[in-house]
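Sharing the features that TrEMBL gives for it:
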type     : residues : note
TRANSMEM : 21-39    : transmembrane segment
TRANSMEM : 45-67    : transmembrane segment
DOMAIN   : 403-626  : domain 'Histidine kinase'
DOMAIN   : 651-767  : domain 'Response regulatory'
MOD_RES  : D702     : 4-aspartylphosphate
Amino acid sequence: MRSSAPPPVLPPAVPHHGLRWSLLCAAGLLLLGLLAGVTELPLSWLAAAVGAGLLLSGLVAGLLAALRGLQRGILLRRISRVYEFDSASAFLTDTSGEVLWLNAAGRSRYPFTDTPQLSAALTDYAAHPSAVIRRLSARALSEGVTGEDVVTRSGVLRLQVIRCSRAALLWRFDLFVERSSLARGSEGISLPMLMAGKGGAVLYANKALRDLAGGRPRSLEELVPGPLAGSGGIIALNAASGPVQAVMIEVEGAAERREIYFLPLSSLPAIASLQGLEDLPLALLRLGADGTILASNTEAQQMLRLNPGEEINASALFDGPGRPLRDWIADVAAHRAPARTETLRLLRAANPDSFVRLTLRPWGGAARNGLLALLIDATEIRALQAQFTQSQKMQLVGQLAGGVAHDFNNLLTAISGHCDLLLLNHGALDPEYADLSQIRQNANRAAGLVSQLLAFSRKQTLHAEYLYLQDVVRDMTQLLSRLVGEKVRLDVRHDSGPTLIRADRRQLEQVLMNLVVNARDAMRAEGEIRIRSARVDFEYPRPMGEVSLPAGAYALLTVTDDGPGIAQEALEKIFEPFFTTKPAGEGTGLGLSTAYGIVKQSGGFIFVQNAPDGGAEFSVYLPIHDSETIDLPLAPAASPQASLPLAREGVILLVEDEAPVRAFAARALRLRGYTVMEAEDGQDALELLNDPDLDVRLFISDVIMHGLEGPAWVRIARQQRPSVPVIFISGYAAETFFDVLADLPGVNFLAKPFSLADLNAAVGTALCDQPDRLS
């Protein structure tokens, strides 16, 4: 239940007015005495002048104090509105640590005295609270936001500090109290255990471990001098009586805290009876040689969904380690196989992807062939392993996509380029014009598919520019209306004024189109797709699922449909490449992953959730830029052919290892009046440049080639020809070569596939940047 008590009144953060007036009066009397001694003016005149000055000073001081009080009041109302009912304790302090305000949780947990200090709240968690406050205050004032975790005996205190102004800091104390052995009475159990913090420092050791080690060890290294085995492994403990072999069991603890139990091998027969260990936070089973469960403690019963006293074979609870579980258990019990740890799938768990790490240890000697089984939940570890494996796969797929895109772009450059050359000789009425147009159109469609592959791998060349989001949506509305069809209504609304963003217009249009098409396909009948744009401002970082949006202003674009929504298991995979909820043959699984890649490459964020009223809602956040500090073009730039004076003669050195691309580019340039010298690689180019009488006006070179690559031969050539401009062409994204090309001035980049018009425009731009080289 929320507390209805009002927040405390913010104490003054400025010196008391009484002290200020005392200083003013003293200054006035001192000034009056000085003037009386050095002037002949009547004392009453001097007193009146000083009094007027004091009054004016007091008024100014009062106004400044009122202004500061107003600012504090505004800050307090903002903080209170956000944090008053936060479950974590929130404090507003000055830079010295004096508490100016605290929320309901803080008031209930920390009953301060008349002069509240933040150090008093930290006393129970830190040995030197003042040092912690000074360190975090300085970091927050410098960086804006900071924090750290303080490991305690009962859990972890997560500290977060946010700079609210130059003189005020907001602190959040979030205490995570973990269900630990301490809370369950580990001091009295016979099993040695300890808790270790960051760096291996021992925070707590129970009586059994202190008796075993001859006192409380200061660190894990002191107790276990050798290498630490993984959970379930055997290590040598540095006991008071000498080395002791023990099984090490580590259970999940809070952040930067480890909770470790030690099972001495000599005590396994006694431990296997499970007497006194029913409430231990370790899942323990006693098994027969055939795998029958003879005994289990409470933790094991909860993990495996066992009833107390239930007789069942372990093979009915676990999916075996690549062979029948009965055979593995029998081999370990008969000492025919080593007692190693296996990761097994739980068959009785509510979550089908639940896993445990099962460690078997023989006990009772060869005659009894009994086994002690130790179980540790491995579901999260297995999920992290799966995520890591998936990320490696996606990295490889991304590299493959980039390589495939490079090869395809070379082919598409040759196809579309030669098609452009043919179209120069065929008018619209020519019988072959339609066929050539089809070839060109399909080449462009293929280029679009390659573009999607590059966007998915986030290696696409984005041509970012400043745009108003509302203008992009408005220009796309007519096209989107045709895409959704007559049975689907398109409702577009802008909830704020123009929001300036920086993005590639064509790719942003692709994102919007993919989201709208996805919404259309999800409804499959009459419905409505709602597109909204708005401005949102986050004063503090905003958690959004597993991501935290940095504080700042964002342009928000949402696309919502009236469909059935997205199943929970699909929500987690919706942006994965090649994942689709559509029937086989109806979707490539690249639309949403492409949108994700473009948004992330543009510095934004994209999220999906099921709308409260049904349907799915996709939200795109793009950072807003300040239009007052950016010079925006007043009108669209003229086309390159219309504005750039192209030189019609001169020598261009063309270096390209793909013969079809080189043939197209060379012919296109010769049609423009240039003399083109062709080279297959960098070495051939340098041999042509050995002629001192050759006056080359422009280098055009592929980047990745056999032998000497583009940047390498250009650096050598520029030692003798430093002013020759360069156009690098490549099927890879420009970002791939930023580091390589950073030290080369006068460089332009033309991405493949390029058309005849693109090539002419790039040449014109490069030569216009070198006016002294124009004929």
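Along the chain as shown, the residues are counted starting at 1.
Every residue gets a Cβ built from N, Cα and C, even glycine.
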Give me the count of other Cβ atoms within 10 A of the Cβ belonging to D702 (4-aspartylphosphate).
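Other Cβ atoms found within 10 Å: 22.
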If you average per-residue pLDDT over the domain 'Histidine kinase' (403-626), what number do you get?
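Across the domain 'Histidine kinase' (403-626), the average pLDDT comes out at 83.
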Where does D702 (4-aspartylphosphate) sit in DSSP terms: helix, strand, or coil?
strand
